[in-house]
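To start, the structure itself, in structure tokens.
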Amino acid sequence: MATQQQQSAIKGAKVLMVGAGGIGCELLKTLALSGFEDIHIIDMDTIEVSNLNRQFLFRRSHVGQSKAKVARDAVLRFRPHINIKSYHANVKNPEFDVDFFKQFDVVLNGLDNLDARRHVNRLCLAAEVPLVESGTTGFLGQVTVHIKGKTECYECQTKPTPKTYPVCTITSTPTKFVHCIVWAKDLLFAKLFGDKNQDNDLNVRSNNSASSSKETEDVFERAEDEDIEQYARKIYDHVFGSNIEVALSNEETWKNRRRPRPIYSKEVLPESLTQQNGSIQNSSVTDGDATVSAMSSLGLKNPQELWGLTQNSLVFVEALKLFFAKRKKEIGHLTFDKDDQLAVEVVTAAANIRAESFGIPLHSLFEAKGIAGNIVHAVATTNAIVAGLIVIEAIKVLNKDADKFRMTYCLEHPSRKMLLMPIEPYEPNPSCYVCSETPLVLEINTQKSKLRDLVDKIVKAKLGMNLPLIMHGASLLYEVGDDLDDIMVANYNANLEKSLSELPSPIVNGSILTVEDLQQELSCKINVKHREEFDEEKEPEGMVLSGWTPSPATNGESASTSNNDDAVDVTEISTGSENASKKRRLTEIQPDDHKKEAENVDSGDDDIMEIENPMMVSKKKKRVA
Amino acid sequence: MDGEELTEQETALYDRQIRVWGANAQRRLTKAHILVSGIKGTVAEFCKNIVLAGVGSVTLMDDRLVKEEALNANFLIPPDESAYSGKTVAETCCDSLKDFNPMVLVSAEKGDLSTFGTDFFEKFDVVVIGYGSRATKKSVNEKCRELSKRVAFYTVDCRDSCGEIFVDLQNYKYTKKKLEETVECELNFPSFQEAISVPWKLIPRRTAKLYFAMRVIEVFEENEGRKHGECSLLDLATVLEIKKKLCEANSVSESHIPNSLLERLITGNIEFPPACAIVGGILAQEVIKAVSGKGDPLKNFFFFDGQDGKGVIEDISNSLAS
Ligand SMILES: [Zn+2]
């Protein structure tokens, strides 16, 4: 129990909670019960039905409202006299700057994505405010304490970044269901309903164009008066039929691979569907109604049912028809959203038809949705346990009990009898580019890669910078901000399209770049090494960034969610793993325990995530013998 | 597959957890009937978790009238006297819990658990005794064991920042996946009486000290006729006397049970909400495992101590004697 001294530290503390989701709801409740009286909470999300099974402060009637605000109101009902301030906003917004963070005694993260976690980590370092970080997935959880100069920061160890696939695997040679999902979501769905001007690797040219005078006819263009079903079938035949035939004509590709089968709508669907189900005519939904669903108009009830080729084909055509009949206004600016039923139907059906072509096992809509939306496995109990652990660490932080800080793993299977396993925190990594000043090394083709590639793939994606600025010597090559004049913006935009070696201050082998983010108060140096060739399979980004850790053997299958539910990157369930530079102090733990944990992680009888589950990241660190 | 499919509404609501334990487990959960008594902080946390998980029904028992101190770690009781005055803890918590998940049937039942016959317990699949006396734990456990159907039996207790869970699943068979294969497993659990009768000198020295300390407190409360948590520093001498006797009777040294730990347990009468959240979370996870038949259940004690942060499983059964 908290002592008198602890109680007064709790009472007087001002804490910031980032995230009011699965962990956040539990955390806010436990903080309030534990006697915290000044709590600020930031969350940009609104409440969804699938949150209600664990985010217990929310009710069905709250769907669509701000999580931060509803959570605040709910907790004030059982603790009316405390101060809770809610912000329905993105923690990356500029108003949450270093000065904002400085007002707090401790920051508690209940976040769901890597990006925001890194951002908060940097602000806490800059503001010198202790951070208690957490994550859960299924029955696994983790809580860590990050204090500048005392313990490692959130980024002292490399974090897995989202998995990318070689373009040709997606466009021509899928071998796993996830490849079909990526194709259906990022290529087909984007082409059909997204921004027409966006780059897209889908072949849109009709292959009988040789006989046609207009040889670049875009199959996806729908003529004003074209019958919707005719159009849907044309798309079907093009992407599942003739595109496969085009691919098959390239014999070289199929020498060591199974040949796909072209599928045409007339083989699987009756001549005309309109007479069979008059769904569109009969349904009473109005234009723009987001609740239209091919499943309900086809009388399909169970999302966990496995549909065959015919059912998938019916769903595909029906969903396309519904999009054009009921949601026409949105076409051209839609992006895939896992909560958009019709979008999930199109993607599921298309991925399954493609999977059938390539001899890959089909999946239910429920499973496909999980993969397409990177949905995190989440249960209430783990969130509750992790929230309890966060509060225990927060109390130690407030009492400055530095020698009692623990990093705690919440395990599904006991390791050395323990389900909750505390470990002494690590020291900061002296070569961390975030909390120390170690330069990074970037291997890149300085003649071919554009500044835009560097900004998108490294500065934003890898370094997680929000408002970056790039300097080479005294020359400013790029920056982002509201206060730039038009000439500067034009200059920077022109720079983006130039290859590195053609820039006003050319970046070549041996150049040293300074990359800064003013909001995060982070600055780092990058040593550039020119390299001619990159392996398309292993290094699909065409550049390699290294240098801040002794290059751990990162699991190639790993990925991380972004902008999703509760949590993730419980990357360090590896209880026995050792930081290469120093030995963990908890020596009694057997290295093999980790393996068991990883094997058992996904024992669902429905085998939902047998393919590259993006959540179950298991980062293997080098072990010290 | 047993029984009917989950409804669309259930699939949407339970989407994220079905991704953890599967649709079959969810179906079994929706048919489970759970009896819970003694609704202090840890049990309130437990109830919230299983109601959210979507069990079939939860029956609450706690006839204490709501007083100010009951509010401490129990967020199911609104701090509004007009809402709870004249109501029992079970009735008040029932109202709050119903609200968490309209698909779960939550009700309150009056009476003294230890006076109920075996037929009462037959209606349930799971019985959880929160903060019970040693006598209540023993007698309810025995009644559950007399039934022909298997009723999963749990006790939970929290003092200071420490918690204890006891599990009796009797003879429990379950399957688990090991890589590609599905393996059949079988566990035999001792009753509460059998477990606490295991001579201490047979129990490995590295076993959680909390196990022994909790037994001392149990005997103290029974001898002195105290309710759960009715003790203070003034009782330390009596408690240490009991510890001495128990250690002697079991031929173990008194150093087995640190006095400082006993002192914490008798003085920490205000619940520590983070510990309640943690122990209530572990207990709910275990009940979900037992109901769904998925995953290794913990056998047969779990201890959490907020001071060192460890959550430890201890197997204390007759097998130690053989
Ligand atoms: Zn660092």
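Just so it is clear, glycine is given a Cβ too, placed from its N, Cα and C backbone atoms.
In the three-state DSSP scheme, A:CYS168 (active site, glycyl thioester intermediate) is classed as helix. A:CYS168 (active site, glycyl thioester intermediate) counts 14 other C-beta atoms within 10 Å of its own C-beta, drawing on all protein chains shown. Among the features that TrEMBL reports, active site, glycyl thioester intermediate is placed at A:CYS168.
Here TrEMBL flags A:19-24, A:ASP43, A:51-54, A:LYS67, A:112-117 as ATP binding site.
A simple way to gauge crowding: the CB of A:CYS435 (Zn(2+) binding site) has 22 other CB atoms within 10 angstroms, across all the protein chains here. If you look up TrEMBL, you'll see A:CYS153, A:CYS156, A:CYS432, A:CYS435 marked as Zn(2+) binding site.
As annotated by TrEMBL, compositional bias 'Polar residues' applies to A:200-213 (among others).
The compositional bias 'Polar residues' feature in TrEMBL is assigned to A:548-565 (among others).
If you look up TrEMBL, you'll see A:600-610 marked as compositional bias 'Acidic residues'.
TrEMBL lists A:4-432 with the feature domain 'THIF-type NAD/FAD binding fold'.
For A:442-534, the entry in TrEMBL reads domain 'Ubiquitin/SUMO-activating enzyme ubiquitin-like'. Across the domain 'Ubiquitin/SUMO-activating enzyme ubiquitin-like' (A:442-534), DSSP helix (H, G, I), strand (E, B) and coil residues number 24 helix, 30 strand, 39 coil.
Annotation source TrEMBL lists region 'Disordered' at A:200-223 (among others).
As annotated by TrEMBL, region 'Disordered' applies to A:532-625 (among others).
Contacting chain B by the Cβ rule (under 8 Å between Cβ atoms), the binding-site residues A:GLY19, A:ASP43, A:ASP112, A:ASP115, A:CYS432, A:CYS435 reduce to an empty set.
Between the CA atoms of A:GLY22 (ATP binding site) and A:CYS168 (active site, glycyl thioester intermediate) there is a gap of 38 Å, rounded to the nearest whole number. Candidate binding-site residues: A:GLY22, A:CYS432, A:CYS435. Those with a Cβ under 6 Å from ligand 1, in sequence order, are A:CYS432, A:CYS435. The record gives A:CYS153, A:CYS156, A:CYS432, A:CYS435 for Zn(2+). Within 8 Å of the mean position of their Cβ atoms, the other Cβ atoms in that chain belong to A:LEU125, A:GLU152, A:TYR154, A:GLU155, A:PRO428, A:ASN429, A:VAL434, A:SER436. Within the same chain, residues at least six positions away from A:GLY19 (ATP binding site) with a Cβ under 8 Å of its Cβ are A:ILE42, A:ASP43, A:ASN109, A:GLY110, A:LEU111, A:ASP112, A:ALA116. Proximity of A:CYS153 (Zn(2+) binding site) to non-local residues of its own chain (separation of 6 or more, Cβ distance below 8 Å) is seen for A:ASN121, A:LEU125, A:HIS146, A:PRO428, A:CYS432, A:VAL434, A:CYS435, given in sequence order.
Checked against A:CYS156 (Zn(2+) binding site) by C-alpha proximity, the recorded positions A:ASN53, A:ASP115, A:CYS168 yield A:ASP115 as the nearest. Other Cβ atoms within 10 Å of the Cβ of A:ASN53 (ATP binding site), summed over all protein chains shown, number 24.
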